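Report on the structure given below.
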């Protein structure tokens, strides 16, 4: 991370432009790789749709009744409903990066089991588990994307979330026109393995590292993302801003009691859950 030592002054505009472009490139690279996780979720969410008519028809590799098909479609949403509450706590213990990365092995295991075991009950369970993995990404990935981004790039980086989600849906629909049950499952499995491999090497959120008191690690992550070095005043200023933001968050920290301790909080929680069930 310490390669750029150019003085960012008007006297070296070319060096300044190169500094900015490399910094932006690294942020976009990390966001794209992280976004592969939600691409995999979009694929998992859509997987059953192009297959459903064939599975409910004659000669199916896994015969489904219309009711069973409906449950296969719905159970991923049921899993998605229960994940955000524990995930919100766990991401502050294990980190943003590793919570997002964890969805890779979960998806990989479910796809392998779906390939190996042609059972309606097993498919129900795998869809539910995939929904739980999806909820982890919906909770953590937007936070990771916002925390690795500079002020100037944060909005663009967070747009990777929706973009990659819909790209996963589109690719799964398209592939489902040409692939059978096993083929589409393999098509969904491969991006998951790629994501696991390359996201492993992406930096953790500097905000999370600073929150855990790992300031040196936070600076290293920030230097990589900004293509800079720890002596750069911009890095020092950004670390200071992160530290101030963390202290403000601690002062405003809510609790479970804030959510469930009042009638209004409980009502709001259950309305959100009911909307999620209705949407599914």
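Keep in mind that glycine also has a Cβ here, set from the backbone N, Cα and C atoms.
Per TrEMBL, domain 'Major facilitator superfamily (MFS) profile' is recorded for 23-280.
For the transmembrane segment (28-49), same-chain residues at least 6 beyond its ends with a Cβ under 8 Å from one of its own Cβ atoms are 69, 72-73, 76, 100-101, 103-104, 107, 110, 127, 130, 133-134, 137-138, 141, 144-145, 148-149, 153, 156-157, 160-161, 163-169, 171-173, 176, 184-185, 187-188, 191-192, 194-195, 198-199, 202-203, 225. Residues or ranges marked as transmembrane segment in TrEMBL: 28-49 (among others).
Feature annotation from TrEMBL assigns transmembrane segment to 69-91 (among others).
Annotation comment: TrEMBL describes 98-117 (among others) as transmembrane segment.
Within the same chain, residues 30, 33-34, 36-37, 39-40, 43-44, 47, 50-51, 97, 100-101, 104-105, 107-108, 111-112, 114-115, 168, 172, 175-176 sit at least 6 positions outside the transmembrane segment (184-202) and bring their C-beta atoms closer than 8 Å to a C-beta of that stretch. The transmembrane segment feature in TrEMBL is assigned to 184-202 (among others).
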